[in-house]
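So the structure is just underneath, and the comments pick up after that.
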Amino acid sequence: MQKDQLDYYVIPSEDAHGSEYVAPSDKRREWISGFTGSAGQAIVSKTQAYLLTDSRYWLQAQKELDENWHLITAGAPEAPRDWIEWLDRVKDARIGIDARMITHEKASSLSNQLNAKGSKLIYPPQNLVDLLWKDKPQRSKESIFIQPREFTGKDATEKIAELREWIQAQPAATLGLSKTPPTPAQVHVGTLISSLASIAYLLNLRGQDIPYNPIFLAYLYIGLDKAILFIEGVKVDDEVSRYLEGLNVEKRDYNDIWTFLRRREWGEGKVIISPQTSYAISLMLTHLRYTVLPSYVEEMKAVKNEVEIEGMRRAYLRDGVAFVRWYAWLDQKLQQGYEITEYEAAYRLTEFRRHQKYFMDLAYENISASGPNAALPHYSPTRATARVIDKDTPYLNDSGGQYRDGTCDTTRTVHFGRPSDEQCEAFTRVLQGHIAIDSAIFPEGTTGKTLDVLARRALWQDGMNYMHGTGHGVGSYLNVHEGPHGFGIDVPLVPGNVITNEPGYYNAGKWGIRIESALVVKRVTTKREFNGDIWLGFDRLTCVPIQTKMVKESMLTKEEKTWLKEHNRRCYQRLEPYLKDTDGRALKWLKRESERGIGVARAGPGGLTIDWN
């Protein structure tokens, strides 16, 4: 920092492709700070070190950071919303960052803000953390593989052709109201894709470079007459090489992207990049050679075709079978008096998933949490520190499998003892928000942000809330978090979008509750059909019962009671064929859960008690 005369140096969580989850070789922020959460930024000044992260990770960060670090609770009252707002208070400073690790959009916005304060962004030629990180892991050499049409529903040739049509449809970058024909330099001739999930989707390829995410490190240039995949050659075997040749996609080394950009090898014309492209790329292109537009591939990927939807439906069914078999095992062990830790429970669930058809990996690290750990929305247990699951507080499990035909993400919260009134009231409010989203009917053009209040309304009635999003898009054997849509995001929902529905409530230091199911947006027929066939709703993919023990029946409407009973009944009907000849314990547990009444068992007449277990 002294050499580059820097007052601050920013270490983001993301990699050069803007990935939310990164390969071990890109965990620079984790290495320097010790904080293992997936979101946050480290900022080092000449005298201090700061870690900014959102509410999902405040308690985790307090545990993991040592005395060298100051935690900035981004989003808290009177605290900055993010690291950019935090830096906005800095005056006359030189702020360093690796230009590959910040998006074009953020760098442009931040530069304007800083300039007004007399400060500026500086881009040292080398990443300063990399200069210190002596035992840095090597980049993955794992082979990539083909995702066949039986899972994608669409050939890569069709996808590339559709993208090229979009490129050609973009108007030339002429000046103002000029009526003169565009010059060759003003015409769009290609697009450069740096999003790893978009590259995997477009080419129908998958990889193993980032844990839990079936993607691979690469850049992809799609021109009107040629395409180039920049990837380490060792990752491409003969079969994939022949496949790429059949797509007319040239293969070049991963680092050749910089030579390609520096030499302007695409010839005359403009290249389209997305706002999420790294600033290093736009600096290399210079502003005369690129146009920034929202990623068309992101939009393509977000709208699942019928093959993808049916694949995800089957994947959620198999994942539900694993979930039910595991819950039956866990319930039995706890009732028999065994001590089961959060770590062991998570491990066992993974083993049940491994036996399911098309299982490839977990979709993310298991969140398996009891007691105060469940109040940490993104807590994951370790063998050494895992807590024993207790019977006094709710137990929360948020997990999912990666299957060749779909990515799963499910959360259920259960109680193995007798819940308190406070726990039951909170669970019921969360459930009411979950049902409100699931049951929503809305016109075309409605955004997830508009619907978000439905999930929170019941909680707000009792002065409760949660600080994370209500739900996110989900990939088709891709990343578990996918855009551009989501609850809380101002993007209209369209048929084919898959989105999670996950309200929660967290009693800090005591317990937490969350219920999450995946939904697919579909067209629905309404009674009045005002303005025609424009009405949308949701179809539930997740097939795991919701425990009724913590539900306060008196707080539910008639419609909410019906929804809960029908959901659990449907889970039984759909899962029973997979269990009847293979797992009697799981079938018995499933039948009990689907038929169980609503509420905690009470003492009956003459001292008779009903033992729900």
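From the backbone N, Cα and C atoms, a Cβ is placed for every residue, glycine too.
Annotated in TrEMBL:
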DOMAIN    1-115  domain 'Creatinase N-terminal'
DOMAIN    310-522  domain 'Peptidase M24'
DOMAIN    535-594  domain 'Peptidase M24 C-terminal'
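Computed over the domain 'Peptidase M24' (310-522), the whole-number mean pLDDT of the model equals 97. Helix, strand and coil content of the domain 'Creatinase N-terminal' (1-115), in residues and according to DSSP, is 39 helix, 23 strand, 53 coil. For the domain 'Peptidase M24 C-terminal' (535-594), the number of residues in each DSSP class (helix H, G, I; strand E, B; coil) is 36 helix, 6 strand, 18 coil.
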